[in-house]
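This is the structure I have questions about; it appears just below.
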Amino acid sequence: MSEGQRFQLGTIGALGLSVVSSVSIVICNKALISTLGFTFATTLTSWHLLVTFCSLHVALWMKFFEHKPFDPKAVMGFGILNGTSIGLLNLSLGFNSVGFYQMTKLAIIPCTVLLETLFFSKQFSKKIRFSLTVLLMGVGIATVTDLQLNMLGSVLSLLAVLTTCVAQIMTNTIQKKYKVSSTQLLYQSCPYQALTLFIVGPFLDALLTNKNVFAFKYTPLVLGFIVLSCMISVSVNFSTFLVIGKTSPVTYQVLGHLKTCLVLAFGYVLLHDPFSWRNILGILIAVVGMVLYSYFCTRDAQPKAIEPLTQLSQESESDPLINVENGVNTVSESSPQKLEQVKKKEEEEEEEEEEEEENILFIVNFVGWVWIGCK
């Protein structure tokens with residue numbers, strides 16, 4: 001098996017693990033919070049991270065992975081930032097309507113694209129930007145209901161979006177810069193994330209719920225669901241770092257919206273949550289956006305065969321003296337046949353792009369007419 005095939009299998013495995021574990025923990029936590037009344041989300045997240053760290057410590061002791069220390073300031077800053085982003089997202093939910101909170105989550109993708117474009121000079125093609133727009137539109141139709149604005153909630157949402165975007169971009173850049181695996185980064189940053197949330201969690205939960213986490217009545221059933229939630233969280237935290245490390249922060253957010261659609265579907269099937277035409281339409285549009293995103297990302301990732309020929313032609317035209325000095329006959333090397341092949345390939349690509357644009361316009365018009373008809 002080649003290196004590329006192994007990487008693809010690893011990426012597919014990471015994506016699958018992330019989807020399964022995330023949907024599982026949402027269903028578990030929904031039962032814990034809605035049915036059993038344990039509404040202390042931030043404190044529960046600190047326990048998740050603590051259990052994750054202990055699990056990784058056991059794995060390190062059993063030599064499943066190697067400890068690789070690197071810049072302690074970067075680890076501390078990254079861990080605290082991650083913990084802060086989780087706390088701010090919970091505050092955003094507490095001080096905003098559910099609809100505005102869903103809009104906050106939708107804003108993470110365009111914000112990540114903007115930050116990566118401005119500070120990392122990463123280019124996103126028009127097709128990928130379009131597919132992301134379709135995806136966000138679908139998730140917005142499926143999840144956003146009411147939009148009630150207030151000053152404090154808006155500021156908290158803005159801070160939550162910024163810290164989440166920066167933390168996810170850092171997850172990717174740190175792994176590549178220091179050549180550490182997702183497991184090594186998670187192991188070193190977990191204590192700082194857990195400590196941050198463990199300190200602020202009880203106060204944050206008390207502010208949002210007017211209840212004391214230490215005064216809650218912990219029945220065997222509640223404790224069982226807490227233990228189950230913590231066990232699933234190990235897989236969730238590990239797969240999060242794994243997916244961002246193998247793909248990108250934007251791809252991870254796209255995957256997150258896929259999870260949202262799956263949670264809505266599972267909620268209807270398993271928990272008998274109310275489901276409307278709006279949910280169905282939104283999920284279908286979101287799936288179209290995900291398919292387009294996957295297709296365009298795969299196409300952009302494939303190396304173009306004409307690039308070496310184009311570069312050779314450009315180098316020959318830009319500096320013919322070098323070729324003469326080296327005894328290279330530029331006329332024979334860049335023969336008319338090769339140039340014709342390049343032009344033909346470019347014309348075919350232009351035709352394909354025109355067809356794709358027509359298909360995209362058809363999808364936009366179709367979605368628009370369906371939306372108008374449903375309204």
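Glycine too: its Cβ is placed from the backbone N, Cα and C atoms.
Annotated transmembrane segment per TrEMBL: 12-33, 45-62, 74-93, 128-145, 151-171, 192-209, 221-243, 250-271, 277-296, in sequence order. Under the heading domain 'Sugar phosphate transporter', TrEMBL lists 21-294. Residues or ranges marked as region 'Disordered' in TrEMBL: 331-358. The feature compositional bias 'Acidic residues' is assigned by TrEMBL to 347-358.
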Roughly where does the domain 'Sugar phosphate transporter' (21-294) sit in mean pLDDT, to the nearest integer?
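On average, pLDDT over the domain 'Sugar phosphate transporter' (21-294) sits at 83.
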When you scan the chain for residues with a C-beta under 8 Å from the transmembrane segment (45-62), skipping those not six or more beyond its ends, what do you find?
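Same-chain contacts beyond the flanks: 83, 86, 183, 186-187, 190-191, 193-194, 197-198, 201, 226, 229-231, 233-234, 236-238.
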Can you see whether the transmembrane segment (192-209) and the transmembrane segment (74-93) are touching - at least 3 CB pairs under 8 angstroms, only pairs 6 or more apart in sequence?
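These two stretches do touch.
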Count, for each of 12-33, 74-93, 151-171, 277-296, the Cβ pairs lying under 8 Å from the transmembrane segment (221-243), and report the range with the highest count.
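Stretch with maximum Cβ contacts: 12-33.
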